[in-house]
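Here's the structure we're looking at; comments come further down.
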Amino acid sequence: MFLLLVLLTGLGGMHADLNPHKTFLQTTIPEKISSSDAKTDPEHNVVYMITIEGKPYFVHLKKQSILSSASFIHSYDKNDIRHSKPLLVQMDCNYNGYVAGIPNSLVTLSVCSGLRGTMQLKNISYGIEPMEAVSGFIHKIYEEKFADTNILLEENDTYSWFNSEYQVRKSSEKTDFIKLFPRYIEMHIVVDKNLFDYMGSDINAVTQKVIQIIGLVNTMLTQLQLTVIISSIEIWSNKNKISTTGHAEYVLLEFFEWKKDHLNFKPHQIAYLFVYRKLPTLIGATFPGQVCNKDFAAAVALYPEGLSLESYTVIIVQLLGLNLGLTYDKTDTCHCSGDVCTMTPKAVYSGGVKDFSVCSLDDFKYISSHNGLTCLQTNPLEMPTYTQRRICGNGLLEGGEECDCGNKDNCTHKLCCDALTCRLKDNAQCGSGDCCSKDCKFKPANTICRKSVDVECDFTEFCNGSYPYCLLDTYVRDGEYCDSGGAFCFQGRCRTFDKQCDDLIGRGSRGAPIFCYDEINTRGDKFGNCGTEYCLFQHILCGKLVCTWEHKDLISRPNLSVIYAHVRDQTCVSTYLPSRKPPPVASTVSKTSYYSVDDRDETFVQDGSVCGPDMYCFKMRCKHVRFLMDFETCEASIECSGHGICNNFNHCHCEKGYNPPHCKPKKEAFGSTDDGHLVPAEKSYMEEGRHAPFQKQRFQLIFYISLPVLIITTAILIKRKKLRELCYRGETESESSVSQESSSNSKSSLSESTSL
């Protein structure tokens, strides 16, 4: 596995010379004008006339997909508690396009609350943003200027990873016949604390800048027909979760470990860490050619002081290109339509349009045609469904609205939201939604906003304390067992035949045996069918709902026709709604009076019902449950540590006492990262998962080291005491002996003296 470091030398010069100056040019009032495209599809197409230095530029824009309905922003308060909310308000804001009459021009703009973004012409870039303190849709125009500099990428270090083993294709291999088609990749973006502070320490402002960066990334990737969808933005607004100092490769390896524990990854997703460095020697690090390896799909992009958003975007595009398997261009053989090619060092500090070279395009075509990008989606998942127009007063929060409390007469939060403009009133935190109180404040975190409707298959959702709406519905992943293994969870309900029959005709009616289904659903009429025709035997449990009836009196539910069949001592019943309209003329040959397999009502078996061992019904067909569940993304025994179950987002929903995302033990924790329930985050998941065992091992180590030392010390003290007693006893005996000897000598002398 190669680790690629994008090395930028001479950054002392960059600090002084490469700092791009925003040269203010003028103020202007963009004018929205009509066009044939805008008239045909005004929701997706718009045209503005923007005058710069007396010259009108006609900017044609098309709606750009950057966010999905599942995109979230995560941030941390001063207590390091994480707060999450969807990015729904930003979904309809992003556009890209071109300037009419200027070949190869590129424009990337956000159109909510004014125009904000970049216009890239041949060799010059203009920025535009609203003057928020001034009324009247006045905007300021500035030019991005880069001073000449001799800063280059250090070739030996930068290209050290690129050898014969990693060669994308042979130069003789032609790719002219290969056609590209749209692909999508989801990106988790993490912003470190230093960059958060550098960008103004404001959650909304930093979020807007990140979205602006990815919008420009997508504009530059248009040649490759590749679109980046923001899966989540996590801003470390309180403190960094890993160390972001030191060499970029070490930061990448730390981020690599962090993402394994904290991000729920899918094969088509990638994680990027945005880091601020005042004067770095490296601008990034990544694993080349590993975009489809979810274990290594990550990169670190460093943001030097003074760098423009456009230049930083180029760094990210280059890193992403390396992730995809592209290489830096050899300037003597690789050429592009513009003055600067994207995969060259010069692109970082050049204004205007940057194109991918012929070499990069050929490499990308080759990789995509040789199954190198099979993980990338060919259709965007959960992309926004656009309506023909936004409607203020329909009670739905749509793009550009700050609130929507309903119409003027039925507004749910009259003190908080202007029902005519869908704007918040003064001092209001919120103006609509289940998590917005009547006094215009967010309801406290962990307030229930949507109760579970099925004890086995549905989960309760909570307000997160920072968003006015209840989060998306969460429930047990389709295909998980319920009813003691006799049924499957599907769309948040336990799909048992008994409950379906009781709901339809009541009085304890139960699901019928298979021979009742065989008798009725092979008829091919309005009481027994699989849509437009009779059911084949393998699908008979997936057509009309057949129940048993144990009462002597007839079923008397209004507007319900009933057929009775006596089979093997069982009274089998099937029903039909006579209020149904007859089929169109083209379908009169059908005896069932149903138009298609999708033309169903409550008299049919529900999708998700059991139709055999590990088999479930879907659109009147019996299918194997393995096609319903993605065990590669979420396997409860592994991802959830055996203390949770996978939800409809393929994330773990943890038991009480276990903390998401991987269900590690933690007091009072439960739920998932999707249901809004918050747990104080003083101790991170890594601290619980790694430091706790380490602490235990440390105490064990201290104990096992201390015990022998204590025993030895005690033994020494005891020995020393005995030795001291022995010495004392010896000294006493010695003194006594000397005394006796002295006395004896005295007596002897005295005797001798007397004798003389």
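Cβ atoms here come from the backbone N, Cα and C positions, even for glycine.
A coil conformation is recorded for CYS375 (disulfide bond) in the three-state DSSP classification, outside any helix or strand. Residues annotated as disulfide bond in Swiss-Prot, with similarity to another entry given as evidence: CYS292-CYS375 (among others).
Among the features that Swiss-Prot reports, disulfide bond is placed at CYS334-CYS359 (among others), with the record citing similarity to another entry. Counting every protein chain shown, 20 other Cβ atoms lie within 10 Å of the Cβ of CYS334 (disulfide bond).
Around the Cβ of CYS341 (disulfide bond), 23 further Cβ atoms fall within 10 Å across all displayed protein chains. Taken from Swiss-Prot, the feature disulfide bond covers CYS336-CYS341 (among others).
For CYS449 (disulfide bond), the Cβ neighbour count at a 10 Å cut-off comes to 20, with all displayed protein chains included. Annotation comment: Swiss-Prot describes CYS449-CYS470 (among others) as disulfide bond, evidence class similarity to another entry.
The disulfide bond annotation in Swiss-Prot covers CYS634-CYS646 (among others). Sequence-distant neighbours of CYS646 (disulfide bond) (same chain, six or more apart, CB under 8 Å from its CB) are VAL476, ARG477, GLU480, MET629, CYS634, GLU635, ALA636, GLU639, CYS640, CYS652, HIS653, listed in sequence order.
Look at Swiss-Prot and you will find CYS640-CYS652 (among others) tagged as disulfide bond. For the recorded site, CYS652 (disulfide bond), the DSSP three-state label reads strand.
CYS663 (disulfide bond) carries neither a helix nor a strand DSSP state and counts as coil. Listed in sequence order, CYS640, SER641, GLY642, HIS643, GLY644, CYS652, CYS654, GLU655 are the same-chain residues at least 6 apart in sequence whose CB falls under 8 Å from the CB of CYS663 (disulfide bond). Positions annotated as disulfide bond by Swiss-Prot: CYS654-CYS663 (among others).
The feature signal peptide is assigned by Swiss-Prot to 1-16, with sequence analysis given as support.
Feature annotation from Swiss-Prot assigns topological domain 'Extracellular' to 17-698; the stated evidence is sequence analysis.
What Swiss-Prot lists as transmembrane segment is 699-719.
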| message | Could you check which of the disulfide-bonded residues CYS292, CYS341, CYS375, CYS449, CYS470 is the closest Cα neighbour of CYS359 (disulfide bond)? | response | CYS341
| Going along the chain, which residues six or more apart from CYS336 (disulfide bond) have their CB under 8 A from its CB? | THR342, ASP355, PHE356, SER357, VAL358
| query | Between CYS470 (disulfide bond) and CYS334 (disulfide bond), what is the CA-CA distance rounded to a whole number of Å? | reply | 52
| said: For CYS375, CYS640, CYS652, listed as disulfide-bonded residues, tell me which one has the smallest number of other Cβ atoms within 10 Å. | reply: CYS375
| message | Taking only C-alpha atoms and a 10 A limit, tell me which of CYS292, CYS334, CYS449 are near CYS341 (disulfide bond). These are the disulfide-bonded residues. | response | CYS334
